[in-house]
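According to TrEMBL, the protein has these features:
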| type | residues | note |
| --- | --- | --- |
| DOMAIN | 22-236 | domain 'Tr-type G' |
| BINDING | 31-38, 110-114, 165-168 | GTP binding site |
Amino acid sequence: MTVHPAPESFMLEDYLAAHERKSLLRFITCGSVDDGKSTLIGRLLYESKRLFDDQLATLERDSRRHGTQGGNIDFALLVDGLASEREQGITIDVAYRFFSTDRRTFIVADTPGHEQYTRNMATGASTADVAILLIDARKGITRQTRRHALLVSMLGIHHVALAINKMDLVNWSEEKFRQIVAEFETFSADLGFQQVTPIPLSALQGDNVVAPSAQTPWYRGSTLLSYLETVEIEQVAEEKPFRMPVQWVNRPNADFRGFAGLVASGSIRPGDRVRILPSGVETSIARIVTLDRDLDQAFAGQSVTLTLSDEVDISRGDVIASVERQPQVADRIDARLFWMATEHLKEGDQFLLKLGAAAVPARVVTVRQRIDLSSLASVPVSSLGANDVGHVVLALDQPVAFDPYLQSRGTGGFILIDRESFDTVAIGLVDGAESRRDTGSQPTRNDGQVTWLKAIREQKRRSVLKAVSWRVIGSVATVAAAFLLTQDTRLAAAIGATEVVTKLVLYYGHERLWARIKFGLSVAAKQHGTDPQRSGAS
Ligand SMILES: Nc1nc2c(ncn2[C@@H]2O[C@H](COP(=O)(O)OP(=O)(O)OP(=O)(O)O)[C@@H](O)[C@H]2O)c(=O)[nH]1
């Protein structure tokens, strides 16, 4: 007799398998006070139908009791769950929410809009893949939008959705929308974003959030949710080198000595050669131990205990790294800082620097420049004020191992802690060991852009090159297959041309593609005609 498994079990397995395969997207919403972040996230959660009945009932009850929408659902209440937030009228922490659709799962960081809480926004952004920059259509680009865009770029987020909200309050004006988009594109041209996707929205009324809006017939781009579901985030295209900062030396008895920590990047197997930094001693991995069992391989994001084949002196804060591609080790570093305290940061100030698992006393040797929020120029200064972003040189009491932040978030980001109050006063990103060439000389106006924006541009160029190469290989393969099957050169060429145009339209959307072509042509014409250096060189 044949036994057929119950259809439900098949469905359950299919369901679980489908959900396991879904990719995860972490995003952050940033905007000024009252731009509508909480309303937008609440609307996304509500419309993606991921609320339980009891959550819905509570939302409806709270909307009647505390809501600002005259009896209608106040979506902000879904997100601003803390009572004290509502009392003060602001969100007071980074609230992480989890939701999922059939195509992807999402973790969203909702952070307060007020300038004094920019630190929360920076914290949320440090783990995000995509940023939604929210703009109130009535106010347009504000100083806080510029600051958020700068921080988002500085923290290595390449994909931005420019969510122009409250379009209902500007009569769904296409002109207003285009004006804001143009202003943002001009401002952000040097910030190295791979993709800026502008979307006209009303978070309150739900337009273009999940379903396309009838109010914006002039907009044919994606809704916010479909953008989030389809935005292509670079997966770990190239294998990153192994890094594990040691958090704890585990020595329960004389027979066992393991080094516990979170794998910050790359992967590791027993037998792999590793170097311990800053000491530089080389050894190999004996075992990868976890609570349940030993592993054959550990990956970034896993917490493990490593044992080594040699007796090596290792303490908390050291980094275990692959021998082939090692981190740098230095006691003076060039860094970008987002300064968050109210008092000014000055040369000579002393802090505790926490990088990975290492904590070392640090002194500010030089404050090189501040990034001007309007022009993004690096302005020479000798101190940084609250919420400034600038470049500094730090001297550490002892050498630490690190990677430039643009290469590795896990081993390139740090915080500065006040040694008396223990407050976190700055978020820092390592650019590299101090570039001695500048020591003693006056910083020039463009130093910062050389070290940072140039690196971002170079990284962007490489990832665009990689994406283009794969698309070109795909198109060539399609044309070759078409030719082999039909032996018709014209037909194969036509298929190839259609394929290229389709890929470009899919990537940009036809409106943006056309706008880009026009923009590219105008820049080319301008550079050819007016840039004396270029015309001289050519
Ligand atoms: N007309 C209109 N009002 C909106 C829209 N989106 C949000 N609002 C209103 O704007 C106000 C602020 O919205 P919130 O979602 O609380 O704003 P927020 O950005 O989270 O504010 P903070 O948490 O204080 O930073 C509320 O009264 C919302 O109802 C919109 O698209 N149109």
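Positions of Cβ are set from backbone N, Cα and C atoms, glycine also.
It should be emphasised that the depicted structure is a prediction, and the values quoted were computed from it without experimental measurement.
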Listed in sequence order, residues with CB under 8 A of M167 (GTP binding site) and six or more positions away: A137, S173, F177, P200, L201, S202, D207, Q215, T216
Distance-selected binding-site residues near ligand 1 (C-beta under 6 Å), from K37, T111, M167: K37
Among the binding-site residues G31, D34, K37, T111, the one whose Cβ has the most other Cβ atoms within 10 Å is K37
On the domain 'Tr-type G' (22-236), the mean of the pLDDT values is 81
